[in-house]
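Each remark here refers to the structure printed beneath this line.
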Amino acid sequence: MVKSILLLNGPNLNLLGTREPHIYGHTTLADVEANSRAHAAKHNATLDAFQSNHEGALVDRIQAARGRVDGIIINPGAYTHTSVAIRDALMGVGIPFIELHVSNVHAREPWRHHSYFSDKAAGIIVGLGVYGYQVAVEHVAVNFEERVKESKAAL
Ligand SMILES: O=C1C[C@@](O)(C(=O)O)C[C@@H](O)[C@@H]1O
């Protein structure tokens, strides 16, 4: 059973709800996190949420999840397009993850089209607005069982 989910949000996602609402909508990060927790609970899973504007803090949080977390949902924000360090951290802990973007990055500036995460993600959710977080939680809680077994066997 998937018991423990970690939800990570990168830089500027603390401004959800007020930041460029025509792109990111009006829902706050606090609401996203509460809703994600509630959906995890429906599947008897716990969800920890962490947001940081600092790359190293996100790396530290991923490392601390090793052996404790079954699946990660990450919106790396702008680090999507730059961060080898966060990619390496995810690879290093071997925890399966979903990459998520509130906006459709592929319909935006060309430099948002490249991600350091997509080729390693179990799945990618883009452009569903904050509803994507709910989809990601449901998917991890219900469908990550096999991946969790594989990642635990590899530890
Ligand atoms: O900060 C963000 C948010 C984002 O990850 C999204 O959720 O759509 C897309 C990124 O390009 C951007 O830098």
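Heads up, residue numbers simply count up from 1 along the chain you see.
Every residue gets a Cβ built from N, Cα and C, even glycine.
Here is what TrEMBL says about this protein:
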ACT_SITE  Tyr24  active site, proton acceptor
ACT_SITE  His101  active site, proton donor
BINDING   Asn75, His81, Asp88, Val102, Ser103, Arg112  substrate binding site
SITE      Arg19  site 'Transition state stabilizer'
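Structure with TrEMBL features highlighted.
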{"residue": "Arg19", "record": "site 'Transition state stabilizer'", "DSSP class": "coil"}
{"residue": "Tyr24", "record": "active site, proton acceptor", "DSSP class": "helix"}
{"residue": "Asn75", "record": "substrate binding site", "DSSP class": "strand"}
{"residue": "His81", "record": "substrate binding site", "DSSP class": "helix"}
{"residue": "Asp88", "record": "substrate binding site", "DSSP class": "helix"}
{"residue": "His101", "record": "active site, proton donor", "DSSP class": "strand"}
{"residue": "Arg112", "record": "substrate binding site", "DSSP class": "helix"}
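Only Arg112, in sequence order, out of the recorded positions Arg19, Tyr24, Asp88, Arg112 have a CB under 6 Å from ligand 1. Among the binding-site residues Asn75, Ser103, the residue whose Cβ has the fewest other Cβ atoms within 10 Å is Ser103.
Sequence-distant contacts (6 or more apart, same chain, Cβ under 8 Å) of Arg112 (substrate binding site) comprise Thr80, His81, Val105, His106. Nearest Cα neighbour of His101 (active site, proton donor) among the listed recorded positions (Arg19, Tyr24, Asn75, Asp88): Asn75. When Cβ neighbours within 10 Å are tallied across all protein chains shown, the highest count among the recorded positions Arg19, His81, His101 belongs to His101.
Between Asp88 (substrate binding site) and the residue listed as 'active site, proton acceptor', the C-alpha separation comes to 27 Å. Rounded to a whole number, the C-alpha distance linking Tyr24 (active site, proton acceptor) with Val102 (substrate binding site) is 6 angstrom. Close to Val102 (substrate binding site) in the fold, though at least 6 residues off in sequence, lie Leu16, Ile23, Tyr24, Gly25, Asn75, Gly127, Leu128, Gly129, Val130, Gly132, each with a CB less than 8 Å from its CB. Residue pair Ser103 (substrate binding site) / Arg19 (site 'Transition state stabilizer') shows a Cα separation of 12 Å.
When Cβ atoms from all protein chains are considered, those within 10 Å of Asp88 (substrate binding site) total 13, not counting its own.
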